[in-house]
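*Asks:* Got a structure for you, questions after.
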Amino acid sequence: MPPVIAASRLTLSVRLLVKRSSVNRLISVHCSFLVLLFVMPGSAPVSYLGPWPKDVGIIALELYFPSQYVDQTELEEFDGVPTGKYTVGLGQARMGFCSDREDINSLCLTVVQRLMEKNALSYNSIGRLEVGTETIIDKSKSVKTALMQLFENSGNTDVEGIDTTNACYGGTAALFNAVNWVESSSWDGRYALVVAGDIAVYATGSARPTGGAGAVAILIGPNAPLAFERGLRGTHMQHAYDFYKPDMVSEYPVVDGKLSIQCYLSALDRCYSVYRNKIHAQWQREGSDKSFSLEDFGFLVFHSPYCKLVQKSLARLMLNDFLNHPSPNTETGPFTGLEAFRDVQPEDTYFDRDVEKAFMKASTDMFERKTKASLLISNQNGNMYTPSVYGCLASLIAQHTPSQMAGQRIGVFSYGSGFAATLYSLRVTQDHIPGSSLDKLVLSLSDLKTRLDSRKKVSPALFSENMKLREDTHHLANYVPQGSVEDLFPGTWYLTRVDDKHRREYARRPLDDDLPAESERVRSSSATEVQEE
């Protein structure tokens, strides 16, 4: 039952009780509370399609990445590997990284406060907050509870949700939970806020250049400019040890690189097949016998461990379309010259260079039109784990105008090792006039490239020293970080100390550089921001 309708019926029921009771005053107070509950300041405007709120999806999106990076060309030389191994082979240009001043709590504190400030939102308007992360600094206390410190001044403690973990898929699971909450009988009319954040670091070796760091905050509610298409999710879950973190005292994962690629591509095949079957069934119910193909997506974004894998993934989906087509035209069009691959079995082609090369060439135009723009953050900042696919979504939005986005279907493929994956779609609103929700969303991300360009480049030697420092100090008690606060972006939360009981304290660098440094602190026992001593 929609909340506003429920409120109306509850109020009527209470009025009937008033006539039969001598405690009229008390019941009248309860009645007033019910009415106020559904018109909280900042709550999403409510509109309904049947029993559900209409167009539930992404209303606002904020992205945070570190203020420093290492150049991948310089890292190739420093590591003594062949030129182009990281830049061409992986498709990476720069890699963002954190000093010991930042951890998963500080990343998420920063991105949440940035979203709330940029959109002038009250913390009272949030009814659910869920975090997706695989960066664990405490085996019991969640990142979500650390974020609740930002809510204390508002007095809002009625906030559902907690942390969700499965490698890079946790952010998507949290997002689905938020959407499901808004579309459920539990919804109270307020927004849901999803946070995905991670610090991706690897031991010295071939995997290190696929690191990165960052966080994303996503505001979920009805009447959204990017609405989730109901019933159109293709999911695949399976057990594998492709990437995992069994060492509880280390940030570093254990990685089976070849198996990880095979799991990623096999999950993509399965998810696309399930998605395609579901949209066919939906279209048939609507009286259409049209066949679905990649051209029915306006844009496609993927979880991006590194950019080259994304390009291979789009080629992989074209292979799926080719094999699924009853009679593909190999004389003209996108399948030209591919007749030799008509009888291949998908499970035999994960590492078939001939198939890969042929379909990457065939999908070049589609990649340029539908996916390339989404790789800005991935190319310039690296793999952020849970926020990765949403960094790709932000990159896509940032490089298109509202009119170019309007009405498009965006395919989103999310993958997390172990393994879990989903392909789903978002439908962009047709309303792109100035001041519309879509216009505001695009405008909010328009500074993405400027922010990337404003970062500080750090030498590979200094980057290596930072990695060694993180390795040596990870989970230490009685620790005061050594990294520079001045190198952080204005408005960034950072770690000030870890006490003898492993309790962490944070401060925020002022938004205005003219203000005194370290002007705010979040204590482990209190959310009150005070002058730091």
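The backbone N, Cα and C atoms fix where each Cβ goes, glycine too.
Per TrEMBL, the features are:
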ACT_SITE  Glu134  active site, proton donor/acceptor
ACT_SITE  Cys168  active site, acyl-thioester intermediate
ACT_SITE  His303  active site, proton donor/acceptor
BINDING   Ser260, Lys308, Lys312  CoA binding site
COMPBIAS  524-533  compositional bias 'Polar residues'
DOMAIN    52-225  domain 'Hydroxymethylglutaryl-coenzyme A synthase N-terminal'
DOMAIN    227-509  domain 'Hydroxymethylglutaryl-coenzyme A synthase C-terminal'
REGION    506-533  region 'Disordered'
*Asks:* Are there residues of the same chain, six or more positions away from Lys312 (CoA binding site), whose CB falls under 8 angstroms from its CB, and which are they?
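*Replies:* Set apart from Lys312 (CoA binding site) by at least 6 residues yet with Cβ under 8 Å, we have Leu265, Glu356, Met360.
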*Asks:* If I take every residue in the domain 'Hydroxymethylglutaryl-coenzyme A synthase C-terminal' (227-509) and average their pLDDT values, what number comes out?
*Replies:* 96
*Asks:* If you count the C-beta atoms lying within 10 Å of each candidate's C-beta, which of the recorded positions Cys168, His303, Lys308 ends up with the smallest number?
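*Replies:* Comparing Cβ neighbours within 10 Å for the recorded positions Cys168, His303, Lys308, Lys308 has the fewest.
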*Asks:* If you take the centroid of the Cβ atoms of Ser260, Lys308, Lys312, the listed CoA site, which other residues of that chain have their Cβ within 8 Å of it?
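*Replies:* Along the chain, the qualifying residues are Ile261, Tyr264, Leu265, Pro305, Tyr306, Leu309, Val310, Ser313.
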*Asks:* Would you say which of the recorded positions Glu134, Ser260 has the most Cβ atoms within 10 Å of its own Cβ?
*Replies:* Glu134
*Asks:* Would you list, in sequence order, the recorded positions among Glu134, Ser260, His303, Lys308 whose CA lies within 10 Å of the CA of Cys168 (active site, acyl-thioester intermediate)?
*Replies:* Glu134, His303
*Asks:* Could you state, as a whole number of Å, the largest distance between Cα atoms of any two of Ser260, Lys308, Lys312, the listed CoA binders?
*Replies:* 14
*Asks:* Provide, as an integer number of angstrom, the distance between the C-alpha atoms of His303 (active site, proton donor/acceptor) and Ser260 (CoA binding site).
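*Replies:* Given the Cα positions, His303 (active site, proton donor/acceptor) is 13 Å from Ser260 (CoA binding site).
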